[in-house]
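Asker: Feature table excerpt (TrEMBL):
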{"type": "DOMAIN", "residues": "A:13-51", "note": "domain 'Zinc finger Sec23/Sec24-type'"}
{"type": "DOMAIN", "residues": "A:90-333", "note": "domain 'Sec23/Sec24 trunk'"}
{"type": "DOMAIN", "residues": "A:339-422", "note": "domain 'Sec23/Sec24 beta-sandwich'"}
{"type": "DOMAIN", "residues": "A:435-534", "note": "domain 'Sec23/Sec24 helical'"}
{"type": "DOMAIN", "residues": "A:554-609", "note": "domain 'Gelsolin-like'"}
Amino acid sequence: TPLYLVNHGENGPVRCNRCKAYMCPFMQFIEGGRRYQCGFCNCVNDVPPFYFQHLDHMGRRLDHYEKPELSLGSYEFVATLDYCRKNKPPNPPAFIFMIDVSYSNIKNGLVKLICEELKTVLERLPKEEQEETSAIRVGFITYNKVLHFFNVKSNLAQPQMMVVTDVGEVFVPLLDGFLVNYQESQAVIHNLLDQIPEMFADSNENETVFAPVIQAGMEALKAAECPGKLFIFHSSLPTAEAPGKLKNRDDKKLINTDKEKTLFQPQTTGYESLAKDCVAHGCCVTLFLFPNQYVDVASLGLVPQLTGGTLYKYNNFQVQLDSQQFLNDLRSDIEKKIGFDAIMRVRTSTGFRATDFFGGIFMNNTTDVEMAAIDCDKAVTVEFKHDDKLGEDSGALIQCAVLYTTVSGQRRLRIHNLGLNCSSQLADVYKSCETDALINFFAKSAFKAVLHQPLKVIREILVNQTAHMLACYRKNCASPSATSQLILPDSMKVLPVYMNSLLKNCVLLGRPEISTDERAYQRQLVMTMGVADSQLFFYPQLLPIHTLDVKSTALPAAVRCSESRLSEEGIFLLANGLHMFLWLGVSSPPELIQGIFNVPSFAHVNTNMLTIVKQREQPEMLFRQFLVEDKGLYGGSSYVDFLCCVHKEICQLLN
Amino acid sequence: TMATYLEFIQQNEERDGVRFSWNVWPSSRLEATRMVVPLACLLTPLKERPDLPPVQYEPVLCSRPTCKAILNPLCQVDYRAKLWACNFCFQRNQFPPAYAGISEVNQPAELMPQFSTIEYMIQRGAQSPLIFLYVVDTCLEEDDLQALKESLQMSLSLLPPDALVGLITFGRMVQVHELSCEGISKSYVFRGTKDLTAKQIQDMLGLSKTAMPMQQARPAQPQEHPFASSRFLQPVHKIDMNLTDLLGELQRDPWPVTQGKRPLRSTGVALSIAVGLLEGTFPNTGARIMLFTGGPPTQGPGMVVGDELKVPIRSWHDIEKDNARFMKKATKHYEMLANRAATNGHCIDIYACALDQTGLLEMKCCTNLTGGHMVMGDSFNTSLFKQTFQRIFSKDFNGDFRMAFGATLDVKTSRELKIAGAIGPCVSLNVKGPCVSENELGVGGTSQWKICGLDSTSTLGIYFEVVNQHNAPVPQGGRGAIQFVTQYQHASTQRRVRVTTIARNWADAQSQLRHIEAAFDQEAAAVLMARLGVFRAESEEGPDVLRWLDRQLIRLFMFHLRRSPFLQVFNNSPDESSYYRHHFARQDLTQSLIMIQPILYSYSFHGPPEPVLLDSSSILADRILLMDTFFQIVIYLGETIAQWRKAGYQDMPEYENFKHLLQAPLDDAQEILQARFPMPRYINTEHGGSQARFLLSKVNPSQTHNNLYAWGQIPANTFITEFQETGAPILTDDVSLQVFMDHLKKLAVSSAS
């Protein structure tokens, strides 16, 4: 259900004069309702006349339950012009589709696939619940080493192509007719999408540019004075002479050296300043990559990451095999709920404060979290630190406010409030711990540190922190027992197994068999993940399909990710949110094989589909690395070994 | 002898397209200098000669490497030994084998005296098609753009089918349109503010890339059909439908123009790209860039005025006060482009139609250095523009366009003469040689000039210096000779060479002054001096030029020249001055004379139309006047005539003769309008009409309000009757011819004493 929307008209939301916190259930009304005390900074404010309401005998406003901002944890305000750029109401956002039409993309049919798909998916642009059609305007650019803009104005018989070859200083060659309403220009757009694959059919241009493509999209949004999202479909290292030009600097020899961090850093500083410009203009970049070799994801992915976009990567893309996955990703990415040109502020009551932020964000200062866009799949992880004592009776209050533009161009404020209990008893603290959130935080902070510190040091810190947490519990909360015994708090009993999985992730544990791009990709992916996603990502779900009760809708209980849980007679589905495998035991029941694959036996199953893995066959190696409790094939300890290691650390700490 | 010289001059002009200031030459430097008017000629290199079909072979050249003069009727020939002596350097040359059969009775054409002008057709080398690159301003009013689009569409039907055509449009951005593509129309877009080098432009248009693999594949013939690779220049027959549609769909520049601003017009970059495109695709091939613009360049390199409307475009006043911010930089930009175009043999036309100035002052070098046309009008939606534009594509007696491309003019002289320079639509090729003088008149220091665009009326003034020393007299009966060799690309795409060889007698100025005087061509001298004056006016400050001219007095003509828009900037914008001067520096003698001293015809019941003095005394109530200033045709009805017309006499059968009288100047005007390029402004006015100012400003103010009053307080009511007999007073402070002459006489006497 959508959040309640509070509209105070021209007055705008009521805010504390001192700390600027928004009206929320933590505000205490006093003096008969004429004033209120801020729960965050304790400042006493006058209630604005339009907002005045009498208090009841409990000291609560009579309209307490009528106003979402007084009675609910989350709600939205309609923002006034003060909250808009240049004090002007924003224009509805735009989506710009930018297709790499270099030789390989034409040849493998990708361009045709994208163009075909766009014809249908554009019908489903996100819109406001109550609206008939989407307010989002669309634009199209194709490119190789030069950029082609298209005029798709509804009154044209044919689309018009405008080529911009000045990639060194890219600009927008047209205003009118570039961003259009899809419904109005449908005929011209379909005409264009039909022609694009043919138009470049004879092209043998291999070289591409990349930064100018983003620049062009951003300039187009800037010129149209609207926020928006770029959908870039790209497949190669941008080697053409232009800003952001990259060279192949992949070097596996750097693994396990102090210079390994450079593999995760962008090659040039240009991409970061480009990202900054994008954020400043509300331009979110989503990148679909189709690499056949090293394309330098660390560089190409930087703008998508810092602008709240998503990076998709399809290695060695083949239309027949991989279309479905790509098209599903594309559809859901276009359709998903999204807000633009966002700025987030986290306010806390006294005693603690937000100190660090992780996610698809850009920060120009230490408090304002800027996001070109934020969609329903993106999470920002916030680290809080004490800066004083917290009172047990007042608790710890957090208010997160996100100012953003909706898909129809309305400026809104989304407010989340959270009140947490405080305790002087460590045991209580341990009891309320959530391991999944911890792992999310550790993963993001470690993956952020990857840019600056040697991986070995980061791994040591993670092990050390795990040991510290457990040792602290042992020292302060656990009943006395033999030192040789490992004691885990109930709420943290899965911490070691998750932590071990994190430590074995290819980002933190490099090895030559894993491509540099894949590591950069996973690093970036995790940085925007929410708690549930990261939990699944680090500890995949392993489902014994053979035990599935087809009459019930319930899935079978997941089993632990270890080879010991597999059985020759079983069929198991493994998924981590990114990859999915179907593992077939050599003695899988033929009736199940028949039911799933429509072939008589295990031997007949065609494994051309990448995700099907047969026991004792070569592709099983790939599958095995997801059995995170086992010893890694290329290093990384088993769960048991890790436990021993942590235990040893704890013992050392206790002594 | 007067009559014979007149005939001689006329014959020479008809046959050779040459008019010399002196037709008998003073035989020493000293004497020549005393003559004041330099030895010079007006040369119309491609004067139309329907009676002169080109010969189908190549000219025979003098074998001396520094001479290379072409065999001509003045050469001494030894028919038996098959030798000929060059009349310029006296080198003895063997005839080529093809001439084995020649004899006194079997002479090749080039040796016959009547072929002092001859044209050769060169068969060698690949023929390249005619190339037309339209550069179109889209910051026009809707009506103007529509009219221009229609004119351009119409022009496609006039081009030969294999001519190559290209289209560049500009406003805030510059678009180079690809013409070969089917389906989606495609254009390359450039920022209008960024100056690009030729190399950058060619890279960005993908011209350098396509050329490379071709060269690798066939290193032996890199030049074979270089034009096949250009997507931007396509044969008319292939793309005329496409281009007609494209022109039809052309929209006004879509970028918003806010109140109080001029549209952003990137003329400088558009021209730069046009020049760069041709430079990369068709160097050293004739081509025509045709710029159509409706306002001044307002951004980027070559901008002439900012986009703030409250700041007006520079005036002469601003220029004199050194207050024209952009002028120098813009001029430099266009000069650079003009020189590059000229180097490649491409000419640039400017068709500027707007009510205000469009920056012709800054852009004039584009046309002036390349031999392009400059046309100035109020709107593209006028017959002045439409017909002028159509006239560009008019055909000659052979059905070929009246345009030639990429010409080089090579001048060779006898030893007694040297070449001082040329004034006309040309650039120097910087070819030094023994016959090049150190003293420059016009564009000097060379014996060769490039004329990228020319037609049958394009005329150059060529100035010489007599270098023979006084103490080394030319033998009695000696003749000096000059050869003009014009190599060019004919409209039929053939390469041709036209050779004109002339000779004139030398005479000793002391003993034979009468001869020299008799052979003086006053008209040619006037035009040649005027060209020098205008050339100086373009490069120096105004008053100095007038003083110089005053010193070089030539009676009547110079009085009018002094008042003409070629030298006077008063009442003219810098653009207008540039426009007038442009045409003055290229028209032939007859047209030039009209420009200097407009022609005035008077129509009345007293007899047939007669030429009358360009004087206010000619403005009479019962006359109709027709004035031709070259740029304007004015028909002016005297007061009585105007009243009669108002009363409608011309519609009454009994006054049919009045109807005929009204019609006669109209018919004569039509005749002029038909032939003139560019179309003159056609003004039909009458006594008291506001447009009468065009006439009044030209006539000699023999009666002004000043001297009228001085004659003695005539009562106001008798004024009118008085004028009917004595003409009309002109409200001006300009001096009349009489005053001018009196002053000159005084000066002449005082300087003599």
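Any Cβ shown, glycine's included, is placed from N, Cα and C.
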Asker: Helix, strand, coil residue numbers for the domain 'Gelsolin-like' (A:554-609) per DSSP?
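Answerer: Helix, strand, coil within the domain 'Gelsolin-like' (A:554-609): 14 helix, 11 strand, 31 coil.
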Asker: The domain 'Sec23/Sec24 trunk' (A:90-333) and the domain 'Sec23/Sec24 helical' (A:435-534): do they have three or more Cβ pairs under 8 Å, with pairs 6 or more apart in sequence?
Answerer: yes
Asker: Per DSSP, what is the residue tally for the domain 'Sec23/Sec24 helical' (A:435-534) in helix, strand and coil?
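Answerer: Its residues fall into 66 helix, 0 strand, 34 coil.
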Asker: If we call contact 3 or more Cβ pairs under 8 Å (sequence gap 6 or more), are the domain 'Sec23/Sec24 beta-sandwich' (A:339-422) and the domain 'Sec23/Sec24 trunk' (A:90-333) touching?
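Answerer: As far as Cβ distances go (cut-off 8 Å, pairs 6 or more apart), the domain 'Sec23/Sec24 beta-sandwich' (A:339-422) and the domain 'Sec23/Sec24 trunk' (A:90-333) touch.
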Asker: Would you report the average pLDDT that the model assigns to the domain 'Zinc finger Sec23/Sec24-type' (A:13-51)?
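Answerer: A mean pLDDT of 95 is what the predicted model shows over the domain 'Zinc finger Sec23/Sec24-type' (A:13-51).
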